[in-house]
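Record features, source Swiss-Prot:
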- G111, G112, T113, G114, F115: pyridine binding site (BINDING)
- 2-119: domain 'FAD-binding FR-type' (DOMAIN)
Amino acid sequence: MTTLSCKVTSVEAITDTVYRVRLVPDAAFSFRAGQYLMVVMDERDKRPFSMASTPDEKGFIELHIGASELNLYAMAVMDRILKDREIVVDIPHGDAWLRDDEERPLILIAGGTGFSYVRSILLTALARNPARDVTIYWGGREEKHLYDLSELEALSVNHPNLRIEPVVEQPEEGWRGRTGTVLTAVLQDYGTLAGHDIYIAGRFEMAKIARDLFCHERNAREDRLFGDAFAFI
């Protein structure tokens with residue numbers, strides 16, 4: 001574990017509640033795709049955020065932070081970032097990193113800013129094996145919550161093996177993607193998940209339901225199901 005002081009080089013408000021933050025650490029760092037860091041608020045208060053950048057991007061760390069009056073836990077971190085333009089982080093954390101088996105097809109599942117977790121995995125997996133079959137299911141309450149959908153669609157142009165499945169719970173008129181939940185979409189698309197590696201970013205309750213459904217109804221291998229939540233449930 002490494003403790004780093006990081007300068008905040010940019011803060012972009014992607015939506016009214018999501019911020020893209022870039023940090024430049026004061027020393028060398030390393031991590032695996034899918035790991036997270038802890039923002040050190042004080043000695044006893046450390047707050048986890050997935051790294052959206054990849055291990056190959058050595059000069060900076062990118063975070064996607066969902067912060068609003070409904071999420072004061074993250075809002076306090078954003079307040080410090082905006083005020084001090086510098087934060088201290090512990091890096092790396094988490095065991096739900098991208099495994100080295102480059103042949104098994106991937107299913108990446110995220111809700112909201114959980115996309116930061118699967119983004120690092122997606123970009124790293126395609127860099128290692130550009131022909132690997134990858135499907136990403138990204139869910140949000142509204143279309144605006146899928147804030148980097150255009151980046152994904154551009155990536156799929158150069159990777160025909162990459163399938164993007166955006167899922168919205170409350171679609172507006174003209175929405176062309178899926179409606180409902182990401183877990184329902186996965187179950188609709190696959191009769192079996194036995195041959196897939198599955199990475200999930202979401203709340204504990206969502207991860208538990210996914211594990212139960214995928215393993216019991218679609219024969220997913222529990223040892224090929226990855227997500228930070230599984231360390232706690």
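Every residue gets a Cβ built from N, Cα and C, even glycine.
Here T113 (pyridine binding site) comes close to V18, H64, I65, G66: these same-chain residues lie at least six apart in sequence, with C-beta atoms under 8 angstroms from its C-beta. Counted within 10 Å of its Cβ, the other Cβ atoms near G114 (pyridine binding site) come to 25, all protein chains included. Helix first, then strand, then coil: DSSP counts for the domain 'FAD-binding FR-type' (2-119) stand at 21 helix, 56 strand, 41 coil. The Cβ of G112 (pyridine binding site) has 20 other Cβ atoms within 10 Å, all protein chains considered. This prediction places the mean pLDDT of the domain 'FAD-binding FR-type' (2-119) at 95.
Most Cβ neighbours within 10 Å, among the binding-site residues G111, F115: F115 holds that distinction in the structure as shown.
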